[in-house]
Amino acid sequence: MSSVTVTLPDGSTLEVASGATVEDVAHEIGPGLGRDTVAGKIDHELVAKEEPISEDCEIEIVTDQSDEYLDVLRHTAAHVLAQAIRRHHPDAKLTIGPYTDEGFYYDIANVELDADDLDEIQAEAASIIDDDLDVERVEYDRADAREHYADNEFKREILDAEAAGDGPVSFYTQGDFEDLCKGPHVDSTGEIGGFEVLETSAAYWRGDEERETLTRVYGTAFPTESDLQEYLARREEAKERDHRKLGREMDLFSIPDVTGPGLPLYHPNGKTVLRELSEYVRGLNSEMGYDEVETPHLFRTELWKQSGHYDNYVDDMFLLDVNDEEYGLKPMNCPGHATIFNEGSWSYRDLPVRYFEDGKVYRKEQRGELSGLSRVWAFTIDDGHVFARADQIEAEVRRLMDTITEVLDTFDLDYEVALATRPEKSVGSDDIWEQSERQLREVLDQQGVDYDVEPGDGAFYGPKIDFGFEDALGRSWDGPTVQLDFNMPDRFDLEYTGSDNDAHQPVMIHRALYGSYERFFMVLIEHYNGRFPTWLAPEQVRILPVTDDNLGYAHRVKNELGDYRVEVEDRDWTVGKKIQQAHDDNVPYMLVVGDDEEDADAVSVRDRQEREGKGVDLAEFRAHLDSEVDGKRTEPDFLD
């Protein structure tokens, strides 16, 4: 029998028989590990412990102590949900039920569910878990599998697509339930300590709006009930912080039906925040030596064919015909920047050339995937591109790392860093990939950055450094990125004249400090719970006259505060009501002015933490405001 070589996480290797399973490898390593095996990772892909190994690979054993265990548990929980739904609605047609970052879902056809249904499904699922049913993998002949799903066109389509082939197909069973599935799963339903059905939504089969409409049932699961309750508490807090809710309450943005899906309108308050965000990175770009450029929203599709986007992204592009010529709204800014570079004549002494643009782009996401500002059709990227010599990459990346770290620290966002390396399908020589990955590693190591390596997760055109950050609720988001690109310079024939007077191709560096403004704005709304730092707040100071007799002085105080965003509360309300309203509006500072303050040419300062300081000299407050805003401090601190 032939053998294969498996490489373990520590770099050691084992020779095992071809066809041996992940579990067999675990037993080969040690009997204890074999008993504890839940699943495995083959070449970084999560697989069932029963998965056979037919070729040389890297392998990692997953136990209940592994980070991936939660994914496996939730995959089984999705089957528990499907089993409960089928018991409650025997006519329901099951489609797919994957695990997700926060739980799982199952898409079903031929049924609609209301709140009472969800309660009954929750109770049924609890019974299935209490029964501690064994979860077992079985294999069916392909013809038998098709016969099994004679009345389920969705499962038959999966058999003909993802599960296509000549061999048997795997199912997982638990009690009276079985489902077409490649795994992995835990050993029994009783391993699920906490289970909750969350909500439903509409979905489309295959994410295609032209296909069947389905009901998507969301749930989550954890090893313990206490883990579940902690999650549910965070989820309730997240609902209170939901940027869509706060966006309405604070008059930041709207997405009305009349404008179309995924096309946000920014109201004056929201635009104020976005303008401050833009001015901040504009200053950083200037310090780093970037020149601001601007490209149109619309290009001939010839540009997108040259860049490769037409081949890879045409289904996500908005296309239109103009005088029998095809144009496309830009899904990315980089081809425009490459074209600008190509319009010049460059020497090696001119490099690096750095461009940046707050560029609006358009991507046609499926309507069912659109959500507030997190997934939209039209969004703006703080896009930057560097055209550099290979020997300049390290210095450029180091400076970008410093700047990105400064940005995330400014907003008090915790972050993680990952180095994504060469994927199987890539462009560029081995030498330039090795050099580029080495340079990125050296930058990360020299700066003492704690980072993970994500093998094969780089873009096809070059390796990248990804920043993922966490908000105040501990949720993870994709953040800034630094990517090296060998593909676009080649496609656009970019060149510069080297010291040898020959033509050379520059390396292109893509970078974004925020990513999408929309996504970053959404994160900040929820991260701060609408309580923006003073420098970002749409209204920084509200002046509260005690009576109408103090209105004149209130306006004089406003004038003294110059260009700050200051409003005078002139409604005929009590001071208490004015203070409460300012708190509700998340205004950082309130200045109460009555006869005593007017006589002393002073103000009484209150902040949104409900602290108060009486008889404050206005010049003193103004000087502190200057310092707080210039320093971009995260909380009002005059009264500290």
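Glycine is no exception: its Cβ is also placed from the backbone N, Cα and C atoms.
Annotated in Swiss-Prot:
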- Cys334, His385, His510: Zn(2+) binding site (BINDING)
- 1-63: domain 'TGS' (DOMAIN)
- 242-533: region 'Catalytic' (REGION)
Task: Residues within 8 Å of the Cys334, His385, His510 Cβ centre (excluding the Zn(2+) site residues themselves) - done: Met332, Asn333, His337, Ala338, Asp383, Gly384, Gln483, Asp485, Met488, Met508, Ile509, Arg511
- [ ] Within 10 Å of each Cβ, count the other Cβ atoms and name the one among the binding-site residues His385, His510 with the highest count.
- [x] His385
Task: His385 (Zn(2+) binding site) - helix vs strand vs coil (DSSP) - done: strand
Open item on the list: Long-range neighbours only, meaning 6 or more apart in sequence with Cβ under 8 Å: which ones does Cys334 (Zn(2+) binding site) have?
Closed with: Ser307, Asp383, His385, Asp485, Met488, Met508, His510
- [ ] Please average pLDDT over the region 'Catalytic' (242-533) for the predicted structure.
- [x] 92
- [ ] Would you mind pulling the DSSP three-state label for His510 (Zn(2+) binding site)?
- [x] strand
